[in-house]
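Swiss-Prot has this to say about the protein:
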BINDING   11, 87, 90, 115, 116, 167, 208, 233  S-adenosyl-L-methionine binding site
Ligand SMILES: C[S@@+](CC[C@H](N)C(=O)[O-])C[C@H]1O[C@@H](n2cnc3c(N)ncnc32)[C@H](O)[C@@H]1O
């Protein structure tokens, strides 16, 4: 029996916890998930420096379809860590690897990390009790847009809830907040249920956890004309029924 650890790295080096570092240093093999999120200063090279260990970059293919490679290591008695930017189980896809390892008799541990999800809720000062389902705006495939984000925001709006909107991350590019809002506006013009209107408020987080992070609340129409910093970006579409305290909290954003 061996151990597999799903280790959250936080959003940047400053947010890497001692708990995560300890586990990484004690593991025989470290895979770095390099496809579900991105950090301004944690990458293969910095992980190698921080842990003093070899790092295997793991794409979606390795972690999702070549699980056998990891099971083989575990079966041979090696302890394996899967290092993930943010939290290893929030808005990622690692559960099947965990359940597969457990089914083979290995111990599974999760070391939580500071997730962009919690970070953004905290920085926005919106009520954490009022978040509905989260969603990702994805790049069109063969020119076809996926309208799921529009439908999710609509349902959350009907329930008076906020929506956390993640943006697509592909080897070919990272989606920016202005591009995501353009896609949402296109969905609005195609469907017309008044879900994303020019005067609606959005809260945009840029490069959270980095020295140049920004969190700003603005109208959709203003966001469409903004120059944002380099990605990653994230968007909250707040409910149209804000508590008084939430309105005041949003005024504190830098
Ligand atoms: C699929 S989520 C993965 C979340 C990660 N597991 C976590 O717990 O932080 C990745 C998306 O979150 C957003 N994101 C991640 N890190 C970010 C950051 N530091 N600043 C702003 N947005 C970020 C981007 O939209 C990115 O494409």
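Numbering starts at 1 and runs along the chain as it is shown here.
Cβ coordinates are placed from backbone N, Cα and C, and glycine is handled just like the others.
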> Got a sec? Which of these binding-site residues, 11, 90, 167, 208, has the most Cβ atoms within 10 Å?
Replying inline: 11
> For residue 11 (S-adenosyl-L-methionine binding site), what is the secondary structure by DSSP, using just helix, strand and coil?
Replying inline: coil
> Around residue 116 (S-adenosyl-L-methionine binding site), which residues of its chain at least 6 apart sit with Cβ under 8 Å of its Cβ?
Replying inline: 11, 37, 86, 90, 91, 166, 205, 208, 209, 232, 234
> Counting across all protein chains shown, how many other Cβ atoms sit within 10 Å of the Cβ of residue 115 (S-adenosyl-L-methionine binding site)?
Replying inline: 23
>> Please report the three-state DSSP label of residue 233 (S-adenosyl-L-methionine binding site).
In response: strand
> So what sits near residue 233 (S-adenosyl-L-methionine binding site) in its own chain, CB-to-CB under 8 Å and at least six residues off in sequence?
Replying inline: 167, 175, 176, 177, 180, 204, 205, 206, 207
